[in-house]
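A.B. asks: Below is one structure. I have some questions about it.
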Ligand code: ADP
């Protein structure tokens, strides 16, 4: 029997799959999007024609169609050895990845109140693969789990304590799988062990967050109770004065309208009035579009402020790390951000930065920089595959 691991990431209208071999090398990836609508489609990396889907395909139908196509293409010749699922919220119940049994399922369901848009859809992916592969071990890997090591002073808000005790109002943090991978990769690139590596990790994609990692352990992060807090993001505001709800109610906006605007019409999109896409914003700014230039400016300034804030949790720093679509590809964002950090001793080297650290093992710092600055491509699916392998009886190494 072949020894593949299937990784499943269910979003609200999308499904991402990845297949890894027994050495944890990626064999292929696939995407289904616009699910439950007439525009639903699916495709497999490197395969030109789309995968046929029933009209308005559900997550389960897309999963079945993609797995059947994997089989036709010889990418998967038997049942997977393990299946790893990305699950957004593990609350305080999950401090690490877990094998999915009935009790774990109940706990994931119990966390759904904290992530009503995400956990139910993650659960529907789990239900679908359990039906398809009832004998295969399934593992949940949580976005929040890596941040469960935050000290109380970092995870508690200065709010009535009963809100935490009774309702779990606290900072949870997200993107934990990516931040953990950054710590591992930084340790490897710097020739250190994870337990002696301290980094500030900036994950900059459509969602953005930053984490302080001391000796391999997460000790602070910018996202909070929900993924709205912290950095400026594609369509999310990040930090705002909570008084905004009250003020905007005097202008006739209800809580739901403000919530929608903060999540979907703010961030880079809100300031530029054009797009949430950093690449397009850079092009617009180059053509003299001032609101786009301003959006980039605000994004980088907020990020730099948070790098400073994360230093309060560390007693030493080995590297500032950039990852995510923006962090990995935008020399401009990294340059503008680091310019604000001159006083702290961060200095970037322009040619290394322009090349995204490709020829320098990720390094983009100047000789005179007090700290290393690294660009590291994230691979959350690889971490999920390793965890699925480890918890289902494999090594987890590789
Ligand atoms: P997600 O969080 O959805 O996984 P990604 O990590 O793929 O998103 O990041 C998407 C963001 O990365 C977009 O804003 C996109 O414009 C940006 N990005 C990708 N490539 C570049 C580039 N070459 N220059 C600037 N931004 C880029």
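Heads up, the Cβ atoms here are built off N, Cα and C, so glycines get one too.
Below, the features straight out of TrEMBL:
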BINDING   9, 380  Mg(2+) binding site
BINDING   16, 203, 204, 205, 206, 207, 277, 278, 279, 325, 326, 327, 328, 329  ATP binding site
BINDING   86  substrate binding site
ACT_SITE  143  active site, proton donor/acceptor
SITE      175  site 'Transition state stabilizer'
SITE      236  site 'Transition state stabilizer'
A.B. asks: Among 16, 203, 204, 205, 206, 207, 277, 278, 279, 325, 326, 327, 328, 329, recorded ATP binders, what is the largest CA to CA distance in Å?
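C.D. replies: The span, Cα to Cα at its widest, is 23 Å.
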A.B. asks: Looking only at C-alpha atoms, tell me how far residue 236 (site 'Transition state stabilizer') is from residue 206 (ATP binding site), rounded to the nearest Å.
C.D. replies: 9
A.B. asks: Identify which of the following binding-site residues, namely 206, 279, 326, 328, place a Cβ less than 6 Å away from any atom of ligand 1, and list them by sequence position.
C.D. replies: 206, 279, 326
A.B. asks: Looking only at 16, 86, 175, 236, which of these recorded positions has the biggest number of Cβ atoms within 10 Å around its Cβ?
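C.D. replies: That would be 175, with the most Cβ atoms nearby.
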A.B. asks: Could you check which of the recorded positions (143, 175, 380) sits closest to residue 16 (ATP binding site), going Cα to Cα?
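C.D. replies: Answer for the nearest of the recorded positions: 380.
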A.B. asks: Please tell me which one of the recorded positions listed here (86, 143, 279, 326) sits closest to residue 9 (Mg(2+) binding site), measuring Cα to Cα?
C.D. replies: 86
A.B. asks: State the three-class DSSP label for residue 86 (substrate binding site), counting H, G and I as helix, E and B as strand, and everything else as coil.
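C.D. replies: Note: residue 86 (substrate binding site) is in a strand by DSSP.
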A.B. asks: Closest of the binding-site residues to residue 86 (substrate binding site), Cα to Cα, picking from 204, 279, 380?
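C.D. replies: Nearest candidate: 380.
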A.B. asks: What recorded positions in the list 143, 206, 328 lie within 10 angstroms of residue 175 (site 'Transition state stabilizer'), counting C-alpha atoms?
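C.D. replies: Correct set: 143.
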A.B. asks: Quick one: pull the CA-CA distance for residue 143 (active site, proton donor/acceptor) versus residue 204 (ATP binding site), whole Å only.
C.D. replies: 15
A.B. asks: Output the one of 9, 206 that, of all these binding-site residues, has the highest number of other Cβ atoms within 10 Å of its Cβ.
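C.D. replies: That would be 9, with the highest Cβ count within 10 Å.
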A.B. asks: Give me the non-local Cβ neighbours of residue 277 (ATP binding site): same chain, 6+ apart in sequence, Cβ-Cβ under 8 Å, ordered along the sequence.
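C.D. replies: Sequence-distant Cβ neighbours: 234, 268.
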A.B. asks: What is the number of other Cβ atoms found within 10 Å of the Cβ of residue 204 (ATP binding site)?
C.D. replies: 28
A.B. asks: If H, G and I count as helix, E and B as strand, and all else as coil, what does DSSP give for residue 277 (ATP binding site)?
C.D. replies: coil
